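Chemist: Sharing a structure below in C-alpha cells format, with a few things to ask.
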Amino acid sequence: MLTLERLRLTREDFALDADLAIPQGARVAILGPSGAGKSTLLAAIGGFLSPRSGRILWDGKDITGAEPAARPVATIFQDNNLFPHLTALRNVALGLDPTGRLSATTRDRALAALRDVGLDGFADRKPGALSGGQQSRVTLARAMLQDKPILLLDEPFSALGPAMKAEMIDLVLRVAEERGLTVLMISHDPADALRLGGLSLVVADGVAHPPRPTTELMDDPPPALRDYLAR
Amino acid sequence: MKQPLTLAGIAAGALVVLLILGSVVAVALRAERGAGLGAADWAALRFTLWQAALSAVFSVALAIPVARALARRRFRGRGLLITLLGAPFILPVIVAVLGLIMVFGRAGLLNDGLAALGLPAVSIYGAWGVLLAHVFFNLPLATRMILQGWVDIPAERFRLAAALGMGPAAQFRLIELPMLARVVPGAALVVFLICTTSFAVALTLGGGPRATTIELAIYQAFRFDFDLGRAALLALLQLGVTLAAALVALRVAAPEAMGAGLDRPVQRWGLPGPVVDTLAITLATLFLVLPMVALAARGLPHLANMPPEVWAAAWRSVVVALGSAVLTIALALPLAVAVGRLRPRAARGLEVAGMLGIAASPLVIGTGLFIVSYPFIAPDRLALPVTALVNAVMALPFALRLLVPAVARVESDYGRLAASLGLSGFAWLRLVLLPRITRPLGFATGLAAALSMGDLGVVALFADAEAATLPLQMYRLMGAYRMQDAAAAALLLLALSLAAFWIFDRGGRADADA
Amino acid sequence: MKPHALLALGLMAAPAMAQDRPVLTVYTYDSFVAEWGPGPQIEDAFEAECGCDLQFTAAGDGAELLARIRLEGERSEADVVLGLDTNLTAAAKETGLFTDSGVSDVAWDLPIAWDDPTFVPYDWGYFAFVHDAGFDAPGSFRALAESDTSILIQDPRSSTPGLGLLLWVEAAYGDEAGVIWDGLADNIVTVTKGWSEAYGLFLEGEADMVLSYTTSPAYHLIAEDDDSKEAARFEEGHYLQIEVAGALAASDQPDLAQDFLAFLATDAAQSVLPTTNWMYPAKTPEGGLPEGFETLIQPDEALLIPEAEVPAVRDAALETWRSALSQ
C-alpha cells in the first residue's frame, strides 16, 4: 500500500494536496488538465520534491525523506531517460549497478532484460541509433532490473504513435503482472487509462483525488474531469 | 552521494581566495613604509576604468556584426577561422604589440598603403592605439561569446519567423535583439575585467605616463619605490573593481558557454544579401590575422637557427602549460558542480571567488607567494610549479564561464535520472558528467594551456638560469639585441599556443555524441 | 610512477647538486644568465680557479634584483649580488645588507674615479640615442626638442635606461629639466615598459631614434656585421651607467664572495663582457677592446649624479617628467 498522508506540495505559485492510498499491485492512470500538478505528484513520490507537509508511506514505512534511489520506486521520465553516450546495454546495466561496472552477471542479466523487451541484438547500439519505441523498451528493461515494487511513468510514451503506445502499455502491463508491480502512469489520453485498466486518479483544482475504477470514472466523470474530457 | 564533488568545489573556491587575498595580505604584512595612495594612483584608477570601459564597448560593438555574419553564413574555412579567432587572446602581450605595429605602425602595412595612395599617415599611439590593441585582443573573445548567443537561439524561432513572413529587420527586433540584450552586457563585462589589468599594452601604445594603469602603479610601487604597502593597497583596489564588476556581471546573466556547437551555422530563411556579412568577416579576419601573418613572416626565416636553449624553454613551457591546464580543470570542474548545487547566494559567492583571478595582479600574487614560501623552500625551485598554479588561477574564470552552464545543463537533463538510479559521486562524474561535457571541457583545457603558454607571468620573479619558459627566453633574446631570434621564438610560441588550443578543442569534439 | 608524480618532477627545476664543492650563489639580472649573456662564460672561468660551484639566480632587471634582496633580507641564499647600478647603490647600501668588497687598488678604466669600498664595478656605458646611419641626428636635447625628430623612450618607473634618461636630463639641465621635457613631449612617439620593447619598435621603423647605449651600434657591427646603426653625440655630455657587484654580509661563503668580486676585475671576466653584455669593461683587458668598439662615439663629458643624491633627485625628477608628459 502506497499512502499519501495529508500531503501538501508547493511550487512557487502553486499548491497540491493529496490524501489518498493506492493498494499494492494497483495500476493507476493519473489524469487531469495540463498544469494541474500530475508531474509534481510523481516527483514527490519519486523523491525529487520535498513536500511542504504530510508523509509518504510504503507498507507503513515512512519514505518521505528518503533519497530517490533509496525509495521502492523506479521512474520513467518524459524525456532524457537514457544517457545518449552509453550503449543500450550499459544504460540497462545501470539499473543493477549504478557504479557503471559491467560484471559478467550484470551483463548477462542486462542482456536477458533486453531480450525480454524484444531488443535482442540491439545491446551495442547507442540511443541515437534506436527508434523512439526501442528507446522506451530499453528504459523499461532497466526499470525491470531496478527491481522496485513501484513503477512511475511520467508520460513516457506520448511521442509514440497510437499503435506503438498501445504496444508499450501492454508491455508495461505484462511486466507489472509478472512482478506484481504497482504502476502509476500519467496520461493525457483516456484511451491509455482504459487500456491500463484498473484505477484512475484525477488531479485538478489543487487536489489529487483518491483513485477510482477507471471505467466507473469514465461513465460518470466528476466535473473537473468532464471539462477536461470535453464531455 | 554527490557531496564529495561539492565539497571539492568549495575547497577549490577557498584555495583561490586564499591564494589571491593571502598573497595581498602577505605583501601588506611585509611592508616597511607606506606612502598610501597618492593623486597619481587615483589618476591611474581613473585611466584604468576609462580605457577598460571603452575597450569593452568597442570590442563588443564590433563583435556583434562579426558574430552575426558567422552565425548565419556557411563558407569554407569557417571552422578554421573560428579556431584562429582564439589566437590573439592567447598571444603574449609583447608579441601581439609587435604584430600590431608591423601592420598599423608608422612603418607598417597600413601606412605604406596610405602613402601609396597619397593619403596622410595615421598614428597608432595614444588612446586610439590602446583601444586598437585591446580590441585586437578581445574582439575574438567577444565574438565567440556573442556567437554562442546566436547559436543558442532555437532554429524553430527562425522557422516560425520565416513562416510569418518576417523580414530581416523584424527578425532582428523580435528574435535577435532580446538575445543580444541578454548576452552583450556579460560579454562587455568580461572584456572590461580583462582590460583592467592591462599594463604593457596600455603603456606602449598609450604614448606616455598619461596611460598609467593600476597594474603599472603596482609595478612601480614594487620595483621603483619598494613600497609594498602601496602595492598591496593598489592590488586591493584592483580586486575591489573586479569584485564589483563580477557581481554585476553575474546579475546581468553573463553569457552562456562559448564552446559548444559553434561550428554549426544557424539555419536561416530570407536572409538579406551577403554584402554586409562578407565585409564584416573579411575585415575582422584581416584585422586579426594580418598581424599574426606579419609575425610569422618575420620569424620563419630564423626558426632553424634559433639557439638550442629556446627549444629547451619551449619544452618547459609545454610542460608548464599542460600542468596549468590540468590544474585549471581540477579547480574549475568541482567549482562548476558546486555552483550548480549550492543555494543561489552561496553559488554566486563561489562563482565570484572563481572569477577573482581575472583581475588579480600577477606581480602581487607572485610576490606574496614568494614571501610565504621563502622561509621554507628556495623560490627558484618553485618557479615552474608556481607559474603553473598562478596561470591556472588566471585561466580559471574563463574555464568557469564555459563549464558552469555546461554542468548545469547536464544536471538539469540527467540529474533526476541519475538520482533515481543511485548514480553518484565518481560514478556520476565518470559515466555521465565528463562524457556529456567533453566539448566545453576540451575548449577550456585548450584555452588554459594556451593562456599559460603565452604568459610571462610570475616566472620572471622566480626563475633561475635553468628554468626559463619560452616567453621569458624570447624576452631575453630581445633584451640581448637578438630580435630575429626573438621573432622566431615568438613564432614558435604562437604555433605552440595555437596547437595546444587546437588539440584540446578538437579532442573534445571528436568524441561528442548527440 | 604515476603521471602526476612525473609531471611534478618535470616541473621541479632541481639544480645539479655539486658534490663536496662549496656553492657560491650569485643573484643577477635576467639577461646576464642567458646562454648568450656573460653568465655561462664567467661561470666556467671562475669555477676553473675557485674549486667551487658558482650558481646564478636571475631576477628581472637591476631594480627587481634589489627588490628581491630586500624581500629576502638577511636570510637570503645569495652570497653576491651582481647587476645593481650607480642609481641603485645608495638604496642598496641603506638596507645594510652589503659588506665591504675587499677589492682595492684596481686601476679602473672608468670615466670617473672609483673608491667605493662596498661595490665593485664590472662594466659601464653611456646612455645615448641610437639612429640609422645617414640620419641627421640632433646634437643636443635642445636641438632635439626643437626638431621634429621622433624618439622612443622607456618609462623611468619600470626601466633602467628610462631612469637613466630622467637623471641625464636632470644632470644636464637641473632646474631647467622641466622645460626640456616640455619641449621633448611632442618628439616622443611612445614610452615603453622596458628597453626591449623600445628597441624592438625602433628596429621596426617606428621612430627616428631610440634611447639605448653608445655601445649599441657595436652589437650590430660585431655580431651582425651591420654598420647601419649609430649613436648621436649630445653636447651636454652623456649620462653614465656603471654596473656593480657587491657581497652580502650574511653570506656563508664570505671568502669565496670576495674572491669572486676580485675575479670580476681580472681579464678572464672583463674580456667576456664587451661582446656579451655589450658594455665597456670596467678594466680594459690586456688585449684591449674588441675590434669595432673604436668606431663608437666618445662623449665630451660623463654625467653622473652622486649616488647619495639619487633617491631625492629621482623622485622630484619623476614628478617633473610625469607632469610634462601628461599634458
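Cβ atoms are placed via backbone N, Cα and C, with glycine included.
Taken from TrEMBL, the feature transmembrane segment applies to B:7-29, B:49-67, B:79-104, B:116-137, B:183-205, B:275-297, B:317-340, B:352-376, B:382-404, B:416-437, B:443-465, B:486-504 (among others). Annotation source TrEMBL lists domain 'ABC transmembrane type-1' at B:45-249, B:314-504.
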Chemist: Taking the transmembrane segment (B:382-404) as the first stretch and the transmembrane segment (B:7-29) as the second, find out whether 3 or more Cβ pairs fall under 8 Å, excluding pairs closer than 6 in sequence.
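Modeler: They do touch: at least three Cβ pairs between the two stretches lie under 8 Å.
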Chemist: In the same chain, which residue numbers or ranges, 6 or more beyond the ends of the transmembrane segment (B:7-29), come under 8 angstroms Cβ to Cβ?
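Modeler: For the transmembrane segment (B:7-29), the nonlocal Cβ contacts are 228-229, 231-233, 235-236, 239, 330-332, 334-339, 342, 350, 353-354, 356-357, 360, 364-369, 371-372, 389, 393, 396.
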Chemist: Give me the stretch from B:49-67, B:116-137, B:317-340, B:486-504 with the greatest number of Cβ pairs under 8 Å to the transmembrane segment (B:183-205).
Modeler: B:49-67
Chemist: Could you pull out which residues elsewhere in the chain have a CB under 8 Å from any CB of the transmembrane segment (B:275-297), counting only those six or more residues past its ends?
Modeler: 62, 65-66, 68-70, 72-73, 75, 81, 84-85, 87-88, 91, 95-96, 98-100, 102-103, 109, 136, 139-140, 143, 487, 490-491, 494
